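As given in TrEMBL:
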type     : residues                                 : note
DOMAIN   : 1-297                                    : domain 'Plant heme peroxidase family profile'
DISULFID : Cys10-Cys90                              : disulfide bond
SITE     : Arg37                                    : site 'Transition state stabilizer'
ACT_SITE : His41                                    : active site, proton acceptor
BINDING  : Asp42, Val45, Gly47, Asp49, Ser51, Glu64 : Ca(2+) 1 binding site
DISULFID : Cys43-Cys48                              : disulfide bond
DISULFID : Cys96-Cys293                             : disulfide bond
BINDING  : Pro136                                   : substrate binding site
BINDING  : His166                                   : heme b binding site
BINDING  : Thr167, Asp217, Thr220, Asp225           : Ca(2+) 2 binding site
DISULFID : Cys173-Cys200                            : disulfide bond
Amino acid sequence: MQVGYYGATCPDADAIVRQVMERRFYNDNTIAPAIIRMLFHDCFVTGCDASLLIVPTPTRPSPERVAIPNQTLRALNIVNAVKSALEAACPGVVSCADALALMARDSVALLGGAAYDVALGRRDALHSNSWEVDLPAPFSSLDDTLRHFAAKGFTADETVLLFGAHTVGAAHCSSFRYRLARPDDGTMDESLRCDMVGVCGLADQPAAADDAMTFLDPVTPFAVDNAYYAQLMSNRSLLQVDQEAATHAATAGYVAYYAANPDAFLQRFSEVMAKLGTVGVLEGDAGEVRTVCTKYNTS
């Protein structure tokens with residue numbers, strides 16, 4: 001892979017993706033956090049290969065998209081819009097995996113993050129299986145999560161940086177509701193706990209059918225900034241694994257550093273997003289370049 005990979009075959013690829021993203025973001029700024037999350041969910045399974053985008057069919061009924069962690073993904077229609085624009089300009093050239101990586105980069109920029117270059121040349125997967133989806137759960141221990149990230153090549157520092165994506169994220173009540181019944185364990189600010197009980201109810205009460213969502217960073221929910229780390233240090237995280245990062249020996253120093261250094265966070269976050277987009281990529285003759293992101297070129 002290399003920056004400028006499509007210089008000869010689709011020189012306007014970057015601009016095409018950016019234009020679609022800017023237009024869609026203007027109408028709905030929630031798509032940008034959704035795209036960042038989508039890249040993570042794609043890359044952390046079989047690599048950044050667009051396997052997540054495949055829809056089920058009668059002959060292949062269980063792609064990654066039907067796995068439980070992926071059932072709440074949003075903005076998949078935006079990927080289709082970007083791919084359609086690319087196909088109109090350069091048929092059969094730009095892979096869906098590259099399109100998603102570019103969309104994530106533009107999402108970071110649209111949310112105020114630092115710009116970064118994206119090496120291109122990914123190919124699209126020829127298989128997608130729900131049983132291969134093994135993503136860290138929000139209620140996992142931090143030790144388990146660190147091992148999971150390490151297996152993908154990320155250090156403790158880089159894992160804390162990727163947690164920083166939650167500065168523009170949201171969580172369903174089902175991800176943290178179990179924590180709300182523990183007012184005296186010191187892991188959640190009491191005023192936050194009371195607020196969330198009002199939104200989600202307690203774990204021993206019937207769950208709401210709509211599984212409400214709430215911002216992980218209610219102060220600046222649509223800005224890539226370091227505010228989330230200050231919330232971790234004040235016990236104001238909804239997710240157990242994030243909160244544990246503020247006190248764990250392997251990560252507490254990084255949380256404190258990024259809480260105190262906004263510019264360092266912006267730069268390092270973009271660097272680790274660029275690295276995320278290189279996990280397990282297919283190159284050369286591996287895979288294919290799909291013409292439609294939701295289905296393989298051949299059945």
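Yeah, the Cβs are placed from backbone N, Cα and C, and that goes for glycine too.
Note: TrEMBL annotation is automatic and uncurated.
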Discussion item. I want the residues beyond Thr167, Asp217, Thr220, Asp225 whose C-beta is within 8 angstroms of the mean position of the Ca(2+) 2 site's C-beta atoms, in chain order.
Written reply: Val168, Val219, Pro221, Ala223, Val224, Asn226, Ala227, Tyr228
Discussion item. For the Ca(2+) 1 site (Asp42, Val45, Gly47, Asp49, Ser51, Glu64), what does the 8 A shell look like? I mean other same-chain residues with CB within 8 A of the CB centroid.
Written reply: Cys43, Thr46, Cys48, Ala50, Leu52, Ala125, Ser128, Gly280
Discussion item. Counting only residues 6+ away in sequence within the same chain, which have a CB under 8 Å from the CB of Pro136 (substrate binding site)?
Written reply: Phe44, Asp144, Thr145, His148, Phe149, Val241
Practice prompt. Name, in the order they occur in the sequence, the residues of the same chain whose CB lies under 8 A from the CB of Cys90 (disulfide bond) and which sit 6 or more residues away.
Written response: Tyr6, Thr9, Cys10, Asp12, Ala13
Fill in: Distance [Cα-Cα, Å, rounded] between the residue listed as 'heme b binding site' and Asp49 (Ca(2+) 1 binding site)
23
Item to complete: For Glu64 (Ca(2+) 1 binding site), just count the other CB atoms lying within 10 A of its CB, please.
Response: 25
